[in-house]
Amino acid sequence: MIDIILPDGSVKQYKIGVTGQEIIQSLSISLFKKTIAVAVNNELMDLYIPIINTATVKAITIDSVQGIEILRHDTAHILAQAVKKLFPDTQVVIGPVIKDGFYYDFARDKPFTSKDLEIIEQEMQDIITKNDLIQREVWLRAKAIEFFKQQKEFYKVKLIEEIPESEEISIYRQGNFVDLCRGPHSPSTGYCAKYFKLTKVSGAYWRGNSKNESLQRIYGTAWGKKSDLDSYLHRLSEAQKRDHRKLGRELELFHFQDEAQGMPFWHSKGWTIFKIIKDYISCQIQRAGYIEVNTPMVLNQKLWEKSGHWEKFRENMFTLDTNAAEQDHNLIKDSIETKCALALKPMNCPGHIQIFNYTIKSYRDLPLRMAEFGSCHRYEPSGALYGLMRVRSFVQDDAHIFCTEDQITDETIKFCHLLKQVYQDFGFPEVKIKFSDRPEKRAGTDKIWDKAEQALIHAIQTLGEEYTINRGEGAFYGPKLEFILTDAIGREWQCGTLQVDFVLPERLNASYISSEGSKKRPVILHRAILGSFERFIGILIEHYSGKLPIWLAPIQVAVVSITDEAVNYAKQLHQELIDNNIRSTLDISNQKINYKIRNFFTAKVPLIAILGKKESESGKIAIRTLGSQEQHVISSSELIAHIRKNKK
C-alpha cells in the first residue's frame, strides 16, 4: 500500500499502481466528472498513469486554469488529426497552448482557406463525438524516428533528434493519429472542448526564424462553456473592429510601407496626437522634479561593450560600418570610429550615465531624475512586426533615477503616484502590479538584492496596492515592477516598468561623493510610464475605438456652415477657436449638412459646430457631440470653456 496525501492534508491508503482516475473516483463522483488530469507531487499527469510511491495528489478540473490549458492542448491535437485526415500530404509541426487558445503549425504548399477552416472544424467535431481513447506510449528513440520518417513527418524527426538522450520519448495516440508530445491529455477525445472555434490562418517560420522554411499556422480557441466561447468571440470581434492598423489608415493617422518596415510614417493628425502626449508627459515629469535631456542617436561600439549591451543585445542593434564610409570620403583614418562600429541606440541608459558622469556629483545631488524622449531603434524580425505595437523605430518616455539604496523606496512611491495619475488621465483607472524578484543567474550580492527587493515591496505596501509575484523573473541586474493596464474590452497591456540596477553604474563608472567624503556607486532606477509612444498610441486607439477624448483628439471641433449667409460667421468662429489654442477645422463647402456631419463623425471629431442663418444672426452655435443626435445651443465662450475644462 502507498499513502496518498490529498489537498486538505488528509492521507488515504491505496494499492501500489493506483491511478489518478481511481483515486478521484473513490473520493467523489461529481468531482471525477469535472476532472481532466491530476497533479502528482505538483507534476501534471494523465488520469490513467499508475502511481507507485507515496505522493500528493490533486484533481485538475476542467474549469481550472490548468484544466483549460489541457483542454486547449487536446483541441490542438484534434486539429492536427483533422488536418491529416482531410489533407494527408500535410506535415504537422508543433501545436502549443497560448493565451486564450492554441495554434498548430503545418507544412503545406497550398494555403489554407476560410472554407478549409469550416471543413476542418466539422471534422474536429466528428472526432470529438467519436470519443477515441487518448493513450500515452513511451517509445525507443530509434523506433520513433523510423516511424515518423515512414509517415514523412520530417519536422517530428527533427524534434525527436533535439530531445536530450536522458529524456524519454512520449507519444500520444488517438484513433489512427499519432503525435509526439509530453502531455498530459484527457482520457479520450470526448472530454475535449465541444466549444471551440478556429479563428485565423497566418504565416510562420520553422523555429520562428525567417531564414527557415515557411509554415502555415492555424489559430483556434477552446473553452469549457459555450457562454465563455461566445464572450471570447465577442471580444475578438470587438478587437478586430478596434484594430489600430485599420483605424490608423481610415483616420489618416499613420501608415507603414515596405521601404521602412517597422517604422511608421506619421501623418498630420497622428503626429498631433504624438505631440499632445509628449507635451503632457513633459509637463507631468517637470512637476515631479525631473530634468529633461537629449542624447545622441548613434553611439560607438566601445560604449555598448562597456555597458554590456553589445554582448547581450547585439543581434537587435542597427550598426553602421564607418570604415567603409571614411575610406570612401578619404577622411581621417585614426579616428575612434574607424576602429569600431557605430550603433543606433536601442535604449537611452548609457547616454544618461555619460551626462551624470560629466560633473562630480555629491550625495546632496541625489536623487537625480533624468528623462528623455529618446528615439530608439531595435531590429525585430519582419514576421514579428505588428502595426504600432511592435516596431523597429520608437520613442520612449524614458527616465533614470540616480539615487542611494536608502532612497529606492521613496522614489518608487513617487513614481507610482505619477504613473497612476498619468494612467487615470488617459482613461485607465485600474492598474495591476507585478513584482519580479531575483533570477537564478544574477549580478550583485544577496545582501544588495535583499535590500532592493524589500525596498520595492515596502513601497507597494505603503501605497496599499495589491501585487502578484513573478518568482525569478527579475533582470540579472536587479528586481523590477511591471504595471499592467486593462482596456475597454478587458485586454491587459503591460506598459510601465521600474527596474532597479546595481550593475550599469559599476560598468560605466558612475559615482557620487558620499557624506563621509568617499566615492560610492549610485543605484539606477530605470523607469517608463507609457513604454513607447508608438505602442501606447496603438493601445489608446483600440481602447477608445478611435474616438479619442477631446483633449487628445487631433481635431477637437469641426466648424461647418449650412448656408452662404453663415460662411463669414463660420470663418470668424474658426479663427477664434484657433486663437484660443483649440484644434479646429473649417468646412464652408456647398455640400449638404448631413454629408458634412457624417464625414466628420466618421473621422471621429468629438464636436461639430453647426452654423446657419439663425446662428449667424444670434451669435450662437449649434453643437453636436460625436455619437449623439441631439444639438445644444451655446456661445463661443462656453464652447471654449468646455474644451479647456477637458484639458489635462
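Any Cβ shown, glycine's included, is placed from N, Cα and C.
The domain 'TGS' annotation in Swiss-Prot covers 1-61. The region 'Catalytic' annotation in Swiss-Prot covers 243-549. The Zn(2+) binding site annotation in Swiss-Prot covers CYS349, HIS400, HIS526.
What Swiss-Prot annotates, mapped onto the structure for a quick look.
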residue	record	DSSP class
CYS349	Zn(2+) binding site	helix
HIS400	Zn(2+) binding site	strand
HIS526	Zn(2+) binding site	strand
For the recorded Zn(2+) site, enumerate neighbouring residues of the same chain (Cβ within 8 Å of the Cβ centroid of CYS349, HIS400, HIS526, site residues themselves excluded), in sequence order. MET347, ASN348, HIS352, ASP398, ALA399, GLN499, ASP501, LEU504, ILE524, LEU525, ARG527
For each of HIS400, HIS526, count the other CB atoms within 10 A of its CB; which of these binding-site residues has the top count? HIS400
For the domain 'TGS' (1-61), what is the mean per-residue pLDDT, to the nearest integer? 93
Helix, strand and coil residue totals from DSSP for the domain 'TGS' (1-61) stand at 14 helix, 28 strand, 19 coil
